[in-house]
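Enquirer: Quick one: the structure is below, questions incoming.
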Amino acid sequence: MANYFNTLPLRLQLEQLGVCEFMEQSEFADGISALAGKKVVIVGCGAQGLNQGLNMRDSGLDISYALRADAIAEKRASYKNATENGFKVGTYEELIPTADLVCNLTPDKQHTSVVNAIMPLMKQGSTLAYSHGFNIVEEGMQIRKDITVIMCAPKCPGSEVREEYKRGFGVPTLIAVHPENDPNGFGLDQAKAYAVATGGHKAGVLRSSFVAEVKSDLMGEQTILCGLLQTGSILCFDKMVEKGIDAAYASKLIQYGWETITEALKHGGITNMMDRLNNPSKIEAYELAEELKDIMRPLFQKHQDDIISGEFSRTMMIDWANDDVNLLKWRAATGETNFEKTAPQEAPISEQEYFDNGVLMIAMVKAGVELAFETMTEAGIIEESAYYESLHELPLIANTIARKKLFEMNRVISDTAEYGCYLFDHACKPLLTEFMKKVETNIIGKPFSTSNGVDNTVLIAVNKEIRQHPIEEVGAWLRESMTAMKKIG
């Protein structure tokens, strides 16, 4: 199979990269009707599979799970996930032939073998759904022409899909129809119904393309969403301990600090996050972020270039073929870092203290979010899509670190995201060596300033720069659509 994106002429590459339309609430007035009464069979019952299925069932759809015969016979985790939640479970041969919609929610590396196994069993005119377009775009999977191919891609880990739904909300979602597979023209209606069933319509839905989703998703998760959180966690922890700050305090400040900081980001963008600092700290965080952007920009651009060209996917698929030798080695090494092995203190840290004593973390978030956004839009990805793949998804990933540190983040995200995260981390830490040598505890571990005195002209200029960044402008109106947004409880 050939990389689908690379087979397209430049004109179509740019056209598909640029597909991005924010959908109005009125476009979801039909609810789940396009899928009502149809048999929906989910293949795979991991984090995305189980949690999407729970939401879809609660929304009124007929959901069952098709698993490999050996997974059923051996009562593996996927079988237990489905049966313990009261779902019907059967083999591919038992359930796929009568399915109207088959949702392939297995890990990326299994997609080719899974689709090759289920496609001969799918009935004429049925629909195949993905939540990530890697198999179509990067592997070039060819789907039978009578089958409609759609995507409904929640922009967060599977566990958060369920938690946001239970809170009466949802997570931002991209939907798409594969242009090579929409024989009856009902793909978009089904994709919209899918988004309603998972709750995504309450948080904002972008009509995208398989190409735009893949290229932006890979970029976001490798850089700001996972890669920089890993790099920042390790470097900030080691620096605090080196400078004499109690390791248990440092561990807690970082483990729970990302979540606290990015919750402010979620509700009011970079502006709100920066406004949580006193004026001297805000100016310092701004200047640090500018320096970090200069240092890291070539690395962000390299990741985007390798994603667009297919080089990242090619390299990762070689590791798949080698039984994930690099992925597993890097995962084990992460588990041995001092940050991962140091338990956080039990004493509480106040919400404001996470901001006051985490100026460098805030600077890293600002730099990473803006760089990811800028690099994606320079590559032809539309601003709304770049916003969701950088700023908005970040609090959801930070929440996984709050639960069980980097182990939990890397467990919950896909293997594809995890592999890209390690590539970024391994390149970023050496890049920041000289920068980190200058870091003192006044920007990580202790307050930067107890006074609030600043030069008014400098403060006005900094505030203007923060507020006028394009991600702040697009983010402001996207957040207006999230009327049901609630605080993380």
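Cβ atoms are placed via backbone N, Cα and C, with glycine included.
Below, the features straight out of Swiss-Prot:
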type	residues	note
BINDING	Cys45, Gly46, Ala47, Gln48, Arg68, Arg76, Ser78, Asp108, Lys109, Gln110, Gly158	NADP(+) binding site
ACT_SITE	His132	active site
DOMAIN	209-344	domain 'KARI C-terminal knotted 1'
BINDING	Asp217, Glu221	Mg(2+) 1 binding site
BINDING	Asp217, Glu389, Glu393	Mg(2+) 2 binding site
DOMAIN	345-485	domain 'KARI C-terminal knotted 2'
BINDING	Ser414	substrate binding site
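On this model, are these features tucked inside or out on the surface, and what's nearby?
Expert: Non-local contacts of Ala47 (NADP(+) binding site) by the CB criterion (under 8 A, 6+ apart in sequence, same chain) comprise Pro157, Gly158, Ser159, Val412.
Neighbour count (other Cβ atoms within 10 Å of the Cβ, all protein chains): 26 for His132 (active site). In the three-state DSSP classification, His132 (active site) falls within coil.
Summarised by DSSP class, the composition of the domain 'KARI C-terminal knotted 1' (209-344) is 118 helix, 0 strand, 18 coil.
Glu221 (Mg(2+) 1 binding site) has a Cβ environment of 26 other Cβ atoms inside 10 Å.
There are 26 other Cβ atoms within 10 Å of the Cβ belonging to Asp217 (Mg(2+) 1 binding site).
The number of other CB atoms found within 10 A of the CB of Ser414 (substrate binding site), across every protein chain shown, is 23. In the three-state DSSP reading, Ser414 (substrate binding site) counts as coil.
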Enquirer: Could you state the whole-number distance in Å separating the C-alpha atoms of Glu389 (Mg(2+) 2 binding site) and Glu221 (Mg(2+) 1 binding site)?
Expert: 8
Enquirer: What are the sequence-distant neighbours of Arg68 (NADP(+) binding site), meaning same chain, six or more residues apart, C-beta distance under 8 angstroms?
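Expert: Within the chain, Arg68 (NADP(+) binding site) has Cβ neighbours under 8 Å at Thr91, Tyr92.
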Enquirer: What is the separation, in Å, between the Cα atoms of Ser414 (substrate binding site) and Lys109 (NADP(+) binding site)?
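Expert: It is 10 Å, counting Cα to Cα.
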Enquirer: Of all the Cα pairs drawn from Cys45, Gly46, Ala47, Gln48, Arg68, Arg76, Ser78, Asp108, Lys109, Gln110, Gly158, the residues the record ties to NADP(+), which distance is largest, in Å?
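Expert: Farthest-apart Cα atoms in Cys45, Gly46, Ala47, Gln48, Arg68, Arg76, Ser78, Asp108, Lys109, Gln110, Gly158 are separated by 21 Å.
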Enquirer: Show me the subset of Cys45, Ser78, Lys109, His132 whose Cα is within 10 Å of Glu221 (Mg(2+) 1 binding site); these are the recorded positions I mean.
Expert: none
Enquirer: Quick check for the class: what is the C-alpha distance, in angstrom and rounded, between Asp217 (Mg(2+) 1 binding site) and Lys109 (NADP(+) binding site)?
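Expert: Taking the Cα atoms only, Asp217 (Mg(2+) 1 binding site) lies 16 Å from Lys109 (NADP(+) binding site).
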Enquirer: Show which residues of the chain containing Ser78 (NADP(+) binding site), separated from it by at least 6 in sequence, have their CB under 8 Å from its CB.
Expert: Gly44, Cys45, Gly46, Gly49, Tyr65, Leu67, Ala71
Enquirer: Would you kindly give the Cα-Cα distance separating Glu393 (Mg(2+) 2 binding site) and His132 (active site), rounded to the nearest Å?
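Expert: Roughly 15 Å, rounded to the nearest whole number.
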